[in-house]
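Asks: Grabbed the feature section from TrEMBL, which reads as follows:
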type	residues	note
BINDING	Tyr155, Lys157, Tyr174, Asp181, Glu363	alpha-D-glucoside binding site
COMPBIAS	426-437	compositional bias 'Basic and acidic residues'
COMPBIAS	438-448	compositional bias 'Acidic residues'
DISULFID	Cys151-Cys183	disulfide bond
REGION	413-455	region 'Disordered'
Amino acid sequence: MQPISCLKFCKANLFYRQCCFNNRLHGSKECHLPQLWQSELIMCRLQCSFSVILIISALQVHSEPTIYLKETFDDGDAWKERWVQSKHKDDYGEWQLSHGKLFADENDMGLKTMQDARFYSLSRKFDKVVDNKDKPLVIVYTVKHEQDIDCGGGYIKLMLENTDLEDFNSDTPYRIMFGPDICGPEKRAIHSILWHDGKNYEKRKNAIAMADIFTHAYKLIIFPNNSYEIWVNNDKEAYGRLEDDWTMTEPLHIDDPDAKKPDDWDEREFIANPNSTKPDDWDQPETIIDKDAVKPADWDDDMDGEWEPPVISNPDYKGEWGPEQIPNPDYKGRWIPPKIQNPKHVPVPELYRYKGLGAIGFELWQVKSGTIFDNILITDDPEYAKEFIDKQLEALRPIEKVESDKLDQELYRDIAGRLGGGGPPKGEETEESTKDDDANEVESEETPENIKEEL
C-alpha cells in the first residue's frame, strides 16, 4: 500500500462522518465504511499520530539551548582552576572576586580588576566548542565600572579552541571582540569586531557604551540569515545585516547613485515667521554713558585732562534683531537617498558562522581599576540568554535604581547651586527641609541596605 497522507485521512474521516449523518437521517443507527476505506482510515490515524509525536519531539529537542560557556564566578576560588593568567608578561594586573559596593546577594560574585594603570590578560576554555551552523550565536555578559572609569577597556575576545592561553596577549588572533571601551567623554564605544577570511573588521558605526557605575548587560546576537543585534540591558542599540554594517564584503545595499533630492524637498525644520516685525524700540546702543557717575573730588583737569563719565553696558541692548522662528509646515526631514541592491555584492551565505570557537579572554588596559565582570553566557538561544540575564540581575536592579536616583539628585543640587538657586525638583525634599517637619514623624527612606533586607 502507498504511504497515506494526513490529507487523505481527513478526507476519509469526512466521508465516514458524512455516511453516518446520511444513515441517521434515514433512521439507521448503523454506519459502515467499505473495507478499503476502513483500512486506510486506520493507517491514516496511525501515521498522523506518529507525525505529531515526531513534531513534538523535534520541538522538545529545539527547546533545549546549547550552552557553550556559562560563567558566574559563584563557586569561590574554583574560578582559578578554569581561568589562566597569561605569562606573556610578568606585570599583568591582578584579579579578585568581588560583589562590589552595591549588591543583592553577598555570594553573587564577579571578577574585579585590582590594580591601576595595568594591562590585564586572563582567559579560559569553553565548556563546549562552538559551531553555530544554521543557529544563532549569542554572547552576553555584564560589566560594572564601579570605579567611575575614566579610560579603560571592558570588552571580551573569543578565540579558537587551540589558543595558547598561557601566552594570551594583544597579538593573539581572535575571531570576535565585543564590549565597551571608554576613554574620556569622546570615546564610549561598544566594539563589535568580527573575523572573516583572515582579517578582523570593525563595525562601521559603533553603538554607545554606558559610562556610569552601575551593572550593564552587553549582548551580541548573530543570526544564521546574516543579520545581527546588539543589546545593552533590554534596549536594542543596533541591528541590521552583517554585509551592510561591516566591510567584510561589498555591502548588500548601497545608496542609489542616480537618485536626486526633489527640488521641493524642504530640509529646514524652522523658518522665519513672515508676520514677525522688529519692535520700534529694538535698536539700542550696546553701551551707554553712566549717568550716575560722579567726577572724583581730586580730579585735576589741568593734570588729568577733561573728565568724562565712564561707559557701561546698556541694559536695554537687545542685540541684532532676527524674526521669530516657527516650525516649517513644509519640513520633510533630512533627505536620504533610497537604497538599491549593490551589483558588486557577492553573497557569502555563511558569513555568520563561527566554527571552532573555544576560548574567551579579557585582554585590557585600565588606567583606573575596579571593573567587575560577571554573568558570561555563550549559547545558541536568544530567549534563554534573555531569561538568564534577567534572572541574574532581577534583585540587583532595584538596589542600583535607588542609588542612581540619589546620584541624580546630588547632581541636580550641584548644578542648581552653581546657577545660584533652586532646590530639588518639585515634590522632592532636601535634607534641610525635612528638619523642619514634625519631630515625631519618622520618615522612611529607601536605601540599598533597606532593599537588601527586604529581599
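The backbone N, Cα and C atoms fix where each Cβ goes, glycine too.
In TrEMBL, annotation is done automatically, which means it is predicted and not curated.
Walk me through where these features lie, including what they touch and how far apart they are.
Replies: When other Cβ atoms within 10 Å of the Cβ of Tyr174 (alpha-D-glucoside binding site) are tallied across all protein chains shown, the result is 20.
A simple way to gauge crowding: the CB of Cys183 (disulfide bond) has 15 other CB atoms within 10 angstroms, across all the protein chains here.
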Asks: With the cut-off set at 10 Å between Cβ atoms, which of these binding-site residues ends up with the most neighbours? Options: Asp181, Glu363.
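Replies: Per the Cβ count, the most surrounded site is Glu363.
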Asks: Say we define neighbours as other CB atoms within 10 Å of the CB. Which of the recorded positions Cys151, Tyr155 has the fewest?
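Replies: Looking at the recorded positions Cys151, Tyr155, the Cβ with the fewest others within 10 Å is that of Cys151.
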Asks: Count the other Cβ atoms sitting within 10 Å of the Cβ of Lys157 (alpha-D-glucoside binding site), across every protein chain shown.
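Replies: Lys157 (alpha-D-glucoside binding site) is surrounded by 24 other Cβ atoms within 10 Å.
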Asks: Nearest to Cys183 (disulfide bond) by Cα distance: which of the binding-site residues Lys157, Tyr174, Glu363 is it?
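Replies: With Cα distances computed to Cys183 (disulfide bond), the winner among Lys157, Tyr174, Glu363 is Glu363.
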Asks: Which of the binding-site residues Lys157, Tyr174, Asp181, Glu363 has its Cα nearest to the Cα of Cys151 (disulfide bond)?
Replies: Asp181
Asks: Other than Tyr155, Lys157, Tyr174, Asp181, Glu363, which residues of the same chain sit close to alpha-D-glucoside? List them in sequence order, counting a residue when its Cβ is within 8 Å of the Cβ centroid of the site.
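Replies: Surrounding the site, in chain order, are Gly153, Ile156, Met177, Phe178, Gly179, His191, Ile193, Gly361, Phe362, Leu364.
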